[in-house]
Structures are given as structure tokens and as C-alpha cells.
Amino acid sequence: MTEFVAPKGVPDYIPPDSAQFVAVREGLLSSARRAGYGHIELPVFEDTALFARGVGESTDVVSKEMYTFSDRGDRSVTLRPEGTAGVVRAVIEHGLDRGALPVKLCYAGPFFRYERPQAGRYRQLQQVGVEAIGIDDPALDAEVIAVADAGFRSLGLDGFRLEITSLGDESCRPQYRELLQDFLFGLDLDEQTRQRAQLNPLRVLDDKRPEVKAMTADAPVLLDHLSDAAKQHFDTVQAHLDALGVPYVLNPRMVRGLDYYTKTTFEFVHDGLGAQSGIGGGGRYDGLMKELGGQDVSGIGFGLGVDRTLLALRAEGKSVGSAARCEVFGVPLSEAAKLRLAVLAAELRAAGVRVDLAYGDRGLKGAMRAADRSGARVALVAGDRDLDAGTVGVKDMASGEQVSVAIDSVVAEVLSRLG
């Protein structure tokens, strides 16, 4: 066994899997960019209080799953467990909420949660996210959802479903909270769960334990107790999704794991992943900007799991991205040929072609085996005799046909073959 291995629950992505990982991440990001979302790069760690206040102290994320430590200045910092709080902090800090609204941002990167590692659940999880901040408009809710839906479909993923609900607004949530607490306090709950019901009863509905899920199966649902304004908002979201051709199902019992969600809430689910079926989700947050010190404006966003999307594609027997690390492979048969092919490789790379070379003293057979493994479409073969003749052998790796091409014409010949 090697002395050092990756920490438990932290995956490595190496070729050829890394090519698919990058393709998934870029596919999800491209959908956001096409809708006008600008890129934001966020710190990997933030002030712990940002997540405690923003995400909610009663959530499992804050109470059980965060990587928190004190730095050398005795400041409590936390590896980011999610993206929204950091984006909101940046929007406030840089005054973006005082300019043109909505502020539309997208991001990608690793997030960290101390969870029990299993298939599709990691302690370092890769996500793509978007946030649209400053406008409370159901049409914007629908756009955000449609961006996520389009991102998945652009990758060829189709075995997923979109579940949506509404978590209401400030005029109906207090009454529903009392109604739900009355129901929960009538159950035979353990003391810790009763304390959670007192602090934030919605968190009990998010409890994954089978015995708790069974007891709360008949709990009142917020969707049945929406205010007129919240109902109209949700009806309009559905009308826009219908017009956009985005299929969805209502899930009145959906409860997201973060406290800041209000009104429209949604999740993308793929049954091919077993227990960890969620591949992304999000919702609207009415009070988060104000809670973190900004203007009292609303926002909506999502986080999509790159790791889980990749697993979902595999569950459907699909792959994305090129596994080939290069398009052209150079096979030098002498030191002089190695120098000549290195120059040609640089010229081809400058033209946007992926090129690799055989290094070391492999001999012709060994170098050609390396060319086969690389997945290259074209091999450039040269020895001293070729250079004396002013030519390089250009070999089609699929057909095996090889022709001699003048050195000055090699780049043009290769570009023509690659199309």
C-alpha cells in the first residue's frame, strides 16, 4: 500500500475520467453563460459566521457537516459547504446590488461537507451554481430552473425529473410553522428531534431516518397554506415553465436542507443513483441579502452536482468529453528527428491542435504503441533519412496509411486531415 492516499471521501479525477468531468462541468456552466450569467470566483473558505447566519444554525450542514477551524489569528473560518452565502457576501461587499439588477452570476468549484462517504456523496463535492439577485419575479425563477434543465439536457442526460414546490412567504410561513409544530409535538419524538421542532420545524420534515419519515407522513404541507401572493407567484412560475417546455412534477413535501429558501424551491432527481438521487436543486431566498447586511432584495439560485451528474450519465450508459488526450502523436526515430518534431508540435499546438510526442528511447514499435494508446488520429513519423529528404511521414492511425509530406507542408496537411 502506498504511504499517502487521498483523504476519505475525496475523489481524484484522472484521465480518461477527468475529460468527462471537465465536459460535464463546462456543459453545465455553458448553459448559464448563454443566459447572461457572468463568472464569479469565490474563496474556498469564509468567516464561519457567514454560514451560521446564512445557511441556518439548525441545519445539518451547519450543525454537523462543516469543516471549521481557527486560523493563526484565532479567527474561526470554514471551508465553504455551499455557494450561495459566499456569492451574496461578495455582492454586498462589492456593491453589486446597488447597480443594474438582477445581478446574474455563475460559479464552479469544490465544496466541503463532513458526510459519510458513499456512492455519489463525497466530503469534497464539485458543483456548478448560479445566482440571480435583486429582482423578485416569477419569470426569473423559471429562467433559473430552465438554465439548469438545459444544462443537463445539453449533456444528453434525460432520465431525470424536476420536482418543484413553494415554501411560501413571510405572511404565511408563521401560521404554517405553528400548525406544523402542533402536529409534531403530538408525535412520540425523541428529545433531540423535539428540540429541532421547536427551533425550526421544517427541519424535522427533512429528517432522513425512516422512523421519523413514517411519523411525519401525514404532516400538513405548506403548499396547502400559501398566501394569495405566494400562490400567485408559484402559479406564474408554473405557467412560465409550461411555456418554456420544461417538464416538472409537484412535490408538496420537498424540504431543502438550507434554511434560507422561500417561495419557489426545486430539485432535480435521477433514480439511477439510488439513495443519493438528487443531482441538483435550489430556490428563491427572500431574506438572505438583508440577513447578511445588504439591501432587502430577493434572489434565486441553484447548485448542480458535477460528480453526481457524471454518475447519472454513466447510469444511462452515456459519456461526454473526449477520452483522447491528443489528436496528433509524434514518433521521432533519432535525436535530430525529435528536435524537428518538437518544432512541428509547437506549431500545431499554436494552431489549436492537441499534440504529444514519444519521449525516451522506445524504438519504433514502442513509440507506435504509445501513439495507439493516445487515441491520436494522426501520427508524425520521422528519422534521419526522412529529414535528409526534407520530409515527415504522416500516418492515418485508423487506416494505417502513411505518406511522406514535405516538412514545410506538414502543418497544413495535418490541419486538413483533422478538418
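Glycine residues also receive a Cβ, built from the backbone N, Cα and C atoms like all the rest.
Positions annotated as domain 'Aminoacyl-transfer RNA synthetases class-II family profile' by TrEMBL: 32-332.
Residues or ranges marked as L-histidine binding site in TrEMBL: E82, G83, T84, R113, Q127, E131, R256, Y260, Y261. Look at E82 (L-histidine binding site): DSSP puts it in coil.
A mean pLDDT of 93 is what the model gives for the domain 'Aminoacyl-transfer RNA synthetases class-II family profile' (32-332). The binding-site residues examined here are T84, Q127; by Cβ neighbour count within 10 Å, the least packed of them is Q127. Around Y261 (L-histidine binding site), the same-chain residues six or more apart in sequence whose CB sits under 8 Å from its CB are L167, G283, R284, Y285, listed in sequence order.
In the structure shown, the C-beta of E82 has more C-beta neighbours within 10 angstroms than that of any other entry among the binding-site residues E82, R256.
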